[in-house]
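These notes concern the structure reproduced below.
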Amino acid sequence: MLNITLPGLTLKNPVMPASGCFGFGKEFSNLYDLNKLGAIMIKAATPEARFGNETPRVAETPGGMLNAIGLQNPGLSGVIQTELPRLESFDVPIIANVAGSSIEDYMEVAERISQAPNVAALELNISCPNVKTGGIAFGTDPKMAADLTEAVKRVSSVPVYVKLSPNVTSISEIAIAVEQAGADGLTMINTLLGMRLDLKTGRPVLANKTGGLSGPAIKPVAIRMIHEVSRAVSIPIIGMGGIQSAEDVLEFLYAGASAVAVGTANFVNPFICSEIIDELPEMLSKYGFSHVRECIGRSHEDAPKPDYHRA
Amino acid sequence: MLNITLPGLTLKNPVMPASGCFGFGKEFSNLYDLNKLGAIMIKAATPEARFGNETPRVAETPGGMLNAIGLQNPGLSGVIQTELPRLESFDVPIIANVAGSSIEDYMEVAERISQAPNVAALELNISCPNVKTGGIAFGTDPKMAADLTEAVKRVSSVPVYVKLSPNVTSISEIAIAVEQAGADGLTMINTLLGMRLDLKTGRPVLANKTGGLSGPAIKPVAIRMIHEVSRAVSIPIIGMGGIQSAEDVLEFLYAGASAVAVGTANFVNPFICSEIIDELPEMLSKYGFSHVRECIGRSHEDAPKPDYHRA
Amino acid sequence: MIGKEDMQIVSHKEIAKDIFELVLQGELTRQMTKPGQFVHVKVSETFVPLLRRPISIARISREDRTFTIIYRKSGEGTALLSSKKPGEKADIIGPLGNGFPIDSSLKGKKVLLTGGGIGVPPLYELSRQLKAIGAVPVHVLGFENIEASFYKEEFARLGDTYFSTTDGSLGVKGFVTDAISYHEIEFDSLYACGPTPMLKALETRYTEREVYLSLEERMGCGIGACFACVCHIPNDPAGYKKVCSDGPVFRAGEVVLSC
Amino acid sequence: MIGKEDMQIVSHKEIAKDIFELVLQGELTRQMTKPGQFVHVKVSETFVPLLRRPISIARISREDRTFTIIYRKSGEGTALLSSKKPGEKADIIGPLGNGFPIDSSLKGKKVLLTGGGIGVPPLYELSRQLKAIGAVPVHVLGFENIEASFYKEEFARLGDTYFSTTDGSLGVKGFVTDAISYHEIEFDSLYACGPTPMLKALETRYTEREVYLSLEERMGCGIGACFACVCHIPNDPAGYKKVCSDGPVFRAGEVVLSC
Ligand SMILES: Cc1cc2nc3c(=O)[nH]c(=O)nc-3n(C[C@H](O)[C@H](O)[C@H](O)COP(=O)(O)OP(=O)(O)OC[C@H]3O[C@@H](n4cnc5c(N)ncnc54)[C@H](O)[C@@H]3O)c2cc1C
Ligand SMILES: Cc1cc2nc3c(=O)[nH]c(=O)nc-3n(C[C@H](O)[C@H](O)[C@H](O)COP(=O)(O)OP(=O)(O)OC[C@H]3O[C@@H](n4cnc5c(N)ncnc54)[C@H](O)[C@@H]3O)c2cc1C
Ligand SMILES: Cc1cc2nc3c(=O)[nH]c(=O)nc-3n(C[C@H](O)[C@H](O)[C@H](O)COP(=O)(O)O)c2cc1C
Ligand SMILES: Cc1cc2nc3c(=O)[nH]c(=O)nc-3n(C[C@H](O)[C@H](O)[C@H](O)COP(=O)(O)O)c2cc1C
Ligand code: FES
Ligand code: FES
């Protein structure tokens, strides 16, 4: 009652860890059997290895947290040679998060990483708020987002999902632009731009000054954006933003997501994805569903369901 | 050590209730002496009386709440004839929140209400997410925001503050546009657009479907926007978004606000403004300040302080 | 006068399935007068959940400065509240709203008090006060089932008391209206509190009598400032009443019952 | 193996000004071996505050499946933790990180354990284990003042123990380095935990000896997944170590001490 099929992805269940919140799976593989997961969204890869921003990189906020990791990663070669092979022992589709400072960067990473045997789809990170170049810049301009999507689609061997930024006036506008540019799906939302100041020094707590806000605090923003975008486009959405429980998963599916990703909650409870997957069947029954598919988009009374939902 | 002077406003202290979270003061006048307040931002007035949206109009979210009141108010005449006179017995400047569906609406309200004897400034509400026409539409387009500001400035007898929406790609762009159009100050932030779904019905909890997210959850977003905008413009900012304590006030001042407004917290603790004002002097001393002015903009090490701060 | 106080929890117990009786002590009790008023309870020390919870005052004891609330543990907030222990404090705002009207004209009159589920608690103080001024309270109380019923003897001590339950496990099977018909209860005026469909049924049925209804609506502030809890009034599109400060008790017909 | 468990609070008391000793019981204790490891503590049942708090393991007692943490009540999280009572549960993840290296080569060697403030707790289990293998622990403990000092006798029972305080109210006035100089302490290797400036001073001073330092950094996950807690390593711009999973204990020079 949990399986979902999306472009490039045959998911045992609709729950996967969100990019940047699960590393490359290594640490969690010591805690539970990763075969349980619907998929794994691995940490962003850039062409070159990056240290990222200076510390402090995280700060707590009411019901949420700020992070400014800054795309620290071992670089494309490191990911392909070390991280991805380690995940081959699991029967779980990998969604590779692709980042960079220029269209060429994205194309380079997308072309090579999409050829890795266990990479089933790409997630174009055009919404990272924590880097000076690239990242969010691509995600806030429909034209740039579309151009990038098109360029990456040309070189990718697997379906391409575009990760949308919530820091925009009209998220539907960006969603439509990337759909038209050939995106196979959307993932949303990335973090909201935020800041916290230290009362003693007066200065920002994060070395990077601003950071990305995630966690329960942003859930209502995510729900409304997914609700809106799922009406505006007909490609599927993987939803995220503050998910902490099986009930939250249900709310995201109702809003119009076809699957979900769990981010920050992995830090609070490293077993959370596994626990949510265990709880899903009973919770679905409790609310009268015999399959997760039935929940998708239920908040839109009159919305025609996109094709892949009818399958 | 608490007084602050801003265009049109001589404030005993930098703390005032935010619009829509204090009605027209009547209920609170039974609880404590309103003369304590720095100012009062009254509920939005539109030309005609409005019922607003259907109920449910509020829903809780993690660390925040959604509201979709929909600008319920007794109309311009009602406000001028009944509500404002009742506030005349207090020695507190009133900031009148001006709303409408068209430029003409705003101009009509602004012109008449700015002539009320106790109205010291206007707050142009171009950011209400809960009405179908007007409201947020004016707040997400720099050109429309500027035109509206200019039109209102022409007819207003008092300084005009423009209330900015956080639901935009670049809040500085809007801020700069309204500054150039003659705004005397900014108030920010209004609520973030959000949604909550009912697990049993699958439908939105709010009758209006979407609502405005306020409360502690949005504080980091408010801080980063004020931090950014206070560098981009040289008119003063009245900051708001999740303030619950004297410490929060300090954080907003550090970010670059010259005064603050407390919204949602009035619902949780109707005495909150009074309590915060009582706590301010000791808290300022604790952090080594002898006047609130010294806190303003401290998060910007190298930022030249705007003129009015030097006064 | 509305006040805010960290009140002492004197006792706190589960008196029926998921139904808790909480007795609080403090100065605020002195302000409590009319039955049907409510308090706004902060259920946690943090801002999760953020808002207070409105709960009716079920009994006022001015002598020992205590008052009682009775609530059903349903969602997150009431679950948190139910974990509080005697000796701890609870942050209370109150008394809020306007209660049921009571005056000497009711002396000797037969007053029917009808409540459904968690609408029952405020009727208890109401009945006590009615009895005190010489009115004759009669109670018809509706519950889900016998396990969820409470204060049966307490009400019986104040006047005739009848029951209805959805499953027939106590009293008449059906709604309070069924119990009123079944027992052919006569009365001069009617005071009711409970789910809106119940209030609506009563309003439609007893148009000839004096009927007062206590409403529920989702609240923000509880004091009349946020406009979360408004109801329409008949024949005036922009007109409204606020359940928290104009109500929660309204004369039948005063507000449109759909909210 | 890292595990997660709702552990039983066996005892919880304030042992110095704002310093709490918390003893927890449960299966997780069986996984705890090396001194210098830490646990990640959930301080509230809600998501405020959201993140866990890293606290060092101060004593492991495998016989009765208990372990002890000692923490200073400083911010919101530790304040909430301090209100938990014996009999209640605490949600713990652990053991985390790599502790201080201990092996038989230390037998008969003089090992100086130096801690500042809340860097002192992990040294207690470390000292116990060193003594158990026949090493000779010597302690130099720095505190703000005598009121904030703790476990003085406990350490003294394990070996020579010296103190420094900022105000001179206990031991040498100044820092731990002042106390080491004043007492002319000789040692073969040095294990330290405390504020970064202290660690830096020790690292600079004792370049000839074997020195291990336990670092603190703000954490997200505590298990190596979020990259919140990274430090630079010398001579490799993109290189890094994670304090939570590669540390918190590093050999002097292994990481750049500015984080
Ligand atoms: C004037 C008034 C008097 C009341 N008296 C009582 C009483 O004596 N005993 C009792 O058990 N209950 C009473 N209620 C209902 C009680 O307020 C709700 O059951 C309670 O708020 C539910 O909170 P929760 O956190 O458990 O539920 P949640 O579902 O987690 O609450 C979510 C939000 O919805 C609101 N909400 C949920 N249910 C209701 C409801 N039925 N009415 C209004 N708001 C609701 C909550 O206040 C909260 O803001 C009264 C309500 C009102 C308006
Ligand atoms: C490996 C390790 C071991 C530790 N062992 C101990 C111990 O045994 N005893 C003890 O009292 N303290 C110890 N600390 C420090 C302890 O984690 C902080 O004092 C605590 O997190 C403060 O939380 P708070 O909610 O009281 O403060 P807040 O200021 O409210 O915390 C806000 C945020 O900052 C983080 N933070 C604040 N101070 C520190 C700090 N010094 N180091 C890391 N993060 C911090 C918190 O975890 C939280 O995320 C250790 C820290 C680390 C990294
Ligand atoms: C510490 C941290 C690191 C993140 N790194 C990435 C990243 O590398 N790429 C990316 O697309 N999103 C990244 N994100 C965003 C998350 O994938 C997710 O979109 C966001 O956190 C909202 O979900 P949540 O509230 O469940 O955490 C990161 C989030 C956090 C908290
Ligand atoms: C119930 C409610 C009603 C509001 N009504 C108005 C309004 O009429 N005009 C306006 O400009 N802002 C209105 N706001 C926005 C607040 O003034 C404030 O900008 C926002 O809530 C953020 O501050 P807070 O987090 O302290 O509540 C309203 C907010 C709430 C919660
Ligand atoms: S609850 Fe705020 S006006 Fe009634
Ligand atoms: S705290 Fe997450 S990697 Fe160290």
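Any Cβ shown, glycine's included, is placed from N, Cα and C.
Going by what TrEMBL states, the substrate site holds A:K43, A:N67, A:A68, A:I69, A:G70, A:L71, A:N190, A:T191, and the candidate of A:N3, A:N118, A:N125 recorded there is A:N125. FMN binds A:S19, A:K43, A:A44, A:N97, A:N125, A:K163, A:G215, A:G241, A:G242, A:G263, A:T264 as TrEMBL records it, and from the list A:I189, A:I296 the residue named for this site is A:I189.
Proximity to ligand 6 at the level of Cβ atoms, with a cut-off under 6 angstroms, picks out none of the recorded positions A:K43, A:G70, A:N125, A:C128, A:T191, A:G263. In this structure the C-alpha atoms belonging to A:G263 (FMN binding site) and A:T191 (substrate binding site) are separated by 10 Å.
The Cα atom of A:I189 (FMN binding site) lies nearest to that of A:C128, taking the recorded positions A:K43, A:G70, A:C128 as the candidates.
Closest to A:G241 (FMN binding site) by Cα-Cα distance, out of the recorded positions A:A68, A:C128, A:T191, is A:T191. The shortest Cα-Cα distance from A:A68 (substrate binding site) to any of the recorded positions (A:S19, A:A44, A:N125, A:C128) is found for A:C128. Each of the binding-site residues A:G70, A:G241, A:G263 was scored by the number of other CB atoms within 10 A of its CB, and the lowest score belongs to A:G70. Listed binding-site residues near A:C128 (active site, nucleophile): A:G70 (candidates A:S19, A:K43, A:G70; Cα-Cα distance within 10 Å). Summarising the substrate site geometry, the residues cited as binding it (A:K43, A:N67, A:A68, A:I69, A:G70, A:L71, A:N125, A:N190, A:T191) extend over a maximum Cα to Cα distance of 16 Å. The separation of A:K43 (substrate binding site) from A:S19 (FMN binding site), Cα to Cα, is 5 Å.
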